[in-house]
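Trainee: Input: one structure, supplied below.
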Protein chains: 6
Amino acid sequence: MVHIFLLALCLFFSSSVPSHGSVQDFCVADYLAPEGPAGYSCKKPANVTVADFVYSLAKSGNTTNIINAAVTPAFAAQLPGVNGLGISIARLDLAPSGVIPLHTHPGGSEILVVIQGKISAGFISSSANTVYLKTLKKGDIMVFPQGLLHFQVNAGGTKAIAFVSFSSPSPGLQILDFALFANDFPSMLVEKTTFLDDAQVKKLKGVLGGTG
Amino acid sequence: MVHIFLLALCLFFSSSVPSHGSVQDFCVADYLAPEGPAGYSCKKPANVTVADFVYSLAKSGNTTNIINAAVTPAFAAQLPGVNGLGISIARLDLAPSGVIPLHTHPGGSEILVVIQGKISAGFISSSANTVYLKTLKKGDIMVFPQGLLHFQVNAGGTKAIAFVSFSSPSPGLQILDFALFANDFPSMLVEKTTFLDDAQVKKLKGVLGGTG
Amino acid sequence: MVHIFLLALCLFFSSSVPSHGSVQDFCVADYLAPEGPAGYSCKKPANVTVADFVYSLAKSGNTTNIINAAVTPAFAAQLPGVNGLGISIARLDLAPSGVIPLHTHPGGSEILVVIQGKISAGFISSSANTVYLKTLKKGDIMVFPQGLLHFQVNAGGTKAIAFVSFSSPSPGLQILDFALFANDFPSMLVEKTTFLDDAQVKKLKGVLGGTG
Amino acid sequence: MVHIFLLALCLFFSSSVPSHGSVQDFCVADYLAPEGPAGYSCKKPANVTVADFVYSLAKSGNTTNIINAAVTPAFAAQLPGVNGLGISIARLDLAPSGVIPLHTHPGGSEILVVIQGKISAGFISSSANTVYLKTLKKGDIMVFPQGLLHFQVNAGGTKAIAFVSFSSPSPGLQILDFALFANDFPSMLVEKTTFLDDAQVKKLKGVLGGTG
Amino acid sequence: MVHIFLLALCLFFSSSVPSHGSVQDFCVADYLAPEGPAGYSCKKPANVTVADFVYSLAKSGNTTNIINAAVTPAFAAQLPGVNGLGISIARLDLAPSGVIPLHTHPGGSEILVVIQGKISAGFISSSANTVYLKTLKKGDIMVFPQGLLHFQVNAGGTKAIAFVSFSSPSPGLQILDFALFANDFPSMLVEKTTFLDDAQVKKLKGVLGGTG
Amino acid sequence: MVHIFLLALCLFFSSSVPSHGSVQDFCVADYLAPEGPAGYSCKKPANVTVADFVYSLAKSGNTTNIINAAVTPAFAAQLPGVNGLGISIARLDLAPSGVIPLHTHPGGSEILVVIQGKISAGFISSSANTVYLKTLKKGDIMVFPQGLLHFQVNAGGTKAIAFVSFSSPSPGLQILDFALFANDFPSMLVEKTTFLDDAQVKKLKGVLGGTG
């Protein structure tokens, strides 16, 4: 009976031409092959191991910086197993005065869960221009819809940790201050399109290393 | 023969139970019925007319305002025929010193075509933080990927007009200054999450009517 | 100047017909209106508050049961703010001998992060029939592609906690043992389609309350 | 032990607020509630029965008509269980001289399998304008990509039967001759936009009952 | 006039830069180029022939095996023309006592049509855990929503044949018994996550060739 | 402070493994790498310039042809920046008697805005077979749902210009007359599947260069 059944394994899923090894249960990123609008190319299934689906966010990001905070992503660019699967995750560390400045994720919605400490968070809706604010404690979760400006700040006297998940393997991260003050966006255009004062723009460009 | 063929019209698309009037070629918005994640509910096909698919953007928006510019949308909320179809359009009018301030469309990518005058436009990528700038003249088009900060300013001495199309019937519009300074976003939080000075925040809140 | 600018607020986003209050930044679930293939109908924006986007997963689920484990979901059915956003989350609690039995999420991929304790987890690919296994400790994450059989078991001597995020607001949960043994699936058909012995099927039906 | 386990059934999938009966495994069409861009509203799960997922295409469509053929659809409008699932099916009957005239499905791709007889089928690509033709016999299948003009004609001396599946629950059906000659499309516009002769247009309008 | 019109063919679809041969009507699989999350890479349009869209499912799969049944797929891995089109098909053959054991398709919904004989089929919903069962005869169709456990068994005394279509070109196939008993899934973990007895697991592992 | 902040730029977005340069804000077409179902492969971000997002549709297409009209596309095949973004655009030029003949876009919905002159346009719905007609003047817009037959004709005595946007970077263009009369579609099959007279088919094949 065993013999017949093993034969069954071969014959059961029969095909009159050879099958071409589709890996569409998942598409583990092959960083050396071309990337397309839907994500990275897939590794050959035979080369996929469990390590492609596992990652460690155990260590705190380094918060010895001016925002006293860190984001450690496990997006498709770091964790090949999420490629094509519509999900990714990151770790937030906020020292007592830590701030994740106003930012957007152009490519995905976010859900945050507080693991330690207290976090005040908020987002602003687009046309209605409503501000949604909440102070969250351990075990609280909060949703941030795709593409809307939002922030997180430490709201307790102690270090805060959160995990944030995204509805995309590559949600992107556009930090407002970096977009305005940390590249070569000409100051005159920044001022014209934000109504910020020249002194303010130049001061923050100085801090963040922007030119122009 | 006519008789038989007319009969054919009835019998050709045969069905053993009555068909339930699906309108899935299109789903013209019924503003009185519930809205869902994919858009408005559909009007009954029998009530749809060509007027549901037609709109006029012939008139200039009123640019007698502090930005000397106007956006006139034909999104699903104004033009019921685009509901569910993944497309919409708007008209931009920029007086000689007009500015469409930095903003994002959380829900769609944009393509702009200049109809009259000259427009300088730009967008900033997210993680790479690169600024892409171009001065466009009549007949030029430019692409703005979904969710990224971008702007348009009049770059000639005369009125400029453009049409902007979107990859969504409801792309949304989040204007940075309005999100920061034209609602009840507490100044302390604005400052903490943008590094702007208190005086700057309060000045612009004063101008734009923000509180808190 | 203020006066002109406030006027600008009204005129800037001009429209020749009244706009019909689209809420497409987000679509907070209205549980009393019809549900469609894309999710629940949306609450009127004016009725949306920050509470619609916030939830608490602070409390452990009750693990005093035969699997010594609990799943506490924050899906669209519990957390209205995730409706339509392609994301949701749940909390897993595993007592020292706790087991989340083999199951699938027909509607979404999953990413797990261990918050406390140790968890052994695994999934099985479809056509290639490969088993991917890993023992995870605090801070480790693991990906489970959509629709594939997977499990989590406590791998330490102490309580384990994890958060699991999904690429859908309603990923579903099909627990293998419940599908086979906890409903009225006729034993004869269970046996015929699983090759399990009659005694085995009847034993587990007895335990899980299945009939037929 | 049974007692504890039945308790487990209740406690296992725990939630601190009542769950709101999501039916997102499937969304069986409720023809009396509003339809949206993603399909019909869903019936309450408690009202769903197996009959919602089953249909009969056992009977031949009536081919006593001028095309000697019939299409019997099981789309979302006939079969409520496919609503939202991205699939549907129809039966084709072609009498010995039967023809399914040139048509498109605006909303889905098609796969055809011949059950009886012989069928010649073809489609035309868009920009490259290539004609792909094949005569199919029993057991042969053929793919017709979304939105492209295609046809099927009986290629044997005996009745032919096929099943055609679609990548949408509501693929639509636009028959070229009906679009041109069986409605009130003004003859002058038909001629101007097709270059057909006036006599040809009027002849076929006569046959198909068109006006204008 | 011909001359002018042929010229028109060239000039009509004008472009100021050369067009780069997009093949987006369809994307016939090139099995030698990289695969991505959306499917295989596309063959150059010039190399596509009608054979890429045609396949034969005329021959019965070999049912001389322990399940007395066979599945013969025409998925993207076998039929290059369905790549990217959201549809595929397979043939089921069930000898008089044939069984397609409990399985899921992680990547697509299914619609079945009985061509010959009688088939009893069923699926189980996820959270509600409801069993939907039906005995189908020739011409009957049945829908199986994505990712849910389902089965088909011969319900007559004669051979049964069915065609099953899927809402994906690569729906996947996870057969429960193969996932549990035909690979190296450690018996201890199988038992722990299914509550099956050790003897039962080892017996079926023996039959199906599983190890561990 | 600057020093610390520049350090922050490096440390803020921390990662324990190198990131693999994802470009998912956008995916500018690399015409030399493989194309997939979701579009062209992406250029390396470092090679992307603003020129990839800009195009000129300033020049009229050549309307010295039998239709007295021209379509100038800026699809993904011409404008690499729209690849993967769900949007594209084209320019229509219609001399006084110009006609864009009946056609479909299999891959996208369309929105048209008249820039100069007058245009009569229309489309035909599928199952309901309704004709929607409108004469449009400067500034008017009209929607054409995906895959439905539609046309545009000059309705004034002067040249007309319009821009048409699409909900896809590669919407395709199937012109009815070209599909029927400008390739090797055998006349006998054209006649059989359209009911056009042999003389009519041969006349238009002669004009449009068709064979067979």
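Glycine residues also receive a Cβ, built from the backbone N, Cα and C atoms like all the rest.
Keep in mind that TrEMBL annotations are predicted by a computer and have not been checked by a curator.
Per TrEMBL, Mn(2+) binding site is recorded for F:His103, F:His105, F:Glu110, F:His150. Summarising the annotation, TrEMBL assigns oxalate binding site to F:His105, F:Glu110. Positions annotated as disulfide bond by TrEMBL: F:Cys27-F:Cys42. Under the heading domain 'Cupin type-1', TrEMBL lists F:55-202. If you look up TrEMBL, you'll see F:1-21 marked as signal peptide.
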Trainee: Which whole-number value in Å describes the distance between the Cα atoms of F:Glu110 (Mn(2+) binding site) and F:Cys27 (disulfide bond)?
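Mentor: Cα to Cα, F:Glu110 (Mn(2+) binding site) and F:Cys27 (disulfide bond) are separated by 22 Å.
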Trainee: Averaging the per-residue pLDDT over the domain 'Cupin type-1' (F:55-202), what integer do you get?
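Mentor: Averaging the confidence scores along the domain 'Cupin type-1' (F:55-202) gives 97.
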Trainee: Specify the secondary structure state of F:Cys42 (disulfide bond) as given by DSSP, simplified to three classes.
Mentor: strand
Trainee: For the Mn(2+) site (F:His103, F:His105, F:Glu110, F:His150), what does the 8 A shell look like? I mean other same-chain residues with CB within 8 A of the CB centroid.
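Mentor: Along the chain, the qualifying residues are F:Thr104, F:Phe123, F:Phe144, F:Leu148, F:Leu149, F:Val164, F:Pro171, F:Leu173.
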Trainee: Ranked by the number of other Cβ atoms within 10 Å of their own Cβ, which of the disulfide-bonded residues F:Cys27, F:Cys42 ranks first?
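Mentor: The largest 10 Å Cβ neighbour count belongs to F:Cys27.
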Trainee: Would you mind splitting the domain 'Cupin type-1' (F:55-202) into helix, strand and coil residue counts from DSSP?
Mentor: 22 helix, 59 strand, 67 coil
Trainee: How big is the gap, in Å, between the Cα of F:His150 (Mn(2+) binding site) and that of F:Cys27 (disulfide bond), rounded to a whole number?
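Mentor: So the Cα of F:Cys27 (disulfide bond) lies 31 Å away from that of F:His150 (Mn(2+) binding site).
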Trainee: Could you state the whole-number distance in Å separating the C-alpha atoms of F:His105 (Mn(2+) binding site) and F:Cys27 (disulfide bond)?
Mentor: 23
Trainee: May I ask you to pick out the recorded positions among F:Cys27, F:His103, F:His150 with a CB closer than 8 angstroms to chain D's CB atoms, ordered by sequence, or 'none' if no residue qualifies?
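Mentor: Contact set vs D: none.
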Trainee: Listed in sequence order, which of the recorded positions F:Cys27, F:Cys42, F:His103, F:His105, F:Glu110, F:His150 sit with a CB under 8 A of chain A?
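Mentor: Filtering F:Cys27, F:Cys42, F:His103, F:His105, F:Glu110, F:His150 for a Cβ under 8 Å from chain A leaves F:Cys27, F:Cys42.
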Trainee: Suppose we draw a 10 Å sphere around the Cβ of F:His103 (Mn(2+) binding site). How many other Cβ atoms does it contain, all chains included?
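Mentor: For F:His103 (Mn(2+) binding site), the count of other Cβ atoms within 10 Å is 21.
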Trainee: I'd like to know which of these binding-site residues, F:His105, F:His150, is least surrounded, judged by other CB atoms within 10 A.
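Mentor: Minimum Cβ neighbour count within 10 Å, taken over the binding-site residues F:His105, F:His150, occurs at F:His150.
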Trainee: Suppose we draw a 10 Å sphere around the Cβ of F:Glu110 (Mn(2+) binding site). How many other Cβ atoms does it contain, all chains included?
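Mentor: Other Cβ atoms found within 10 Å: 24.
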Trainee: What does the structure give for the C-alpha distance between F:His103 (Mn(2+) binding site) and F:Cys42 (disulfide bond)? Integer Å is fine.
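Mentor: Their Cα atoms are separated by 31 Å.
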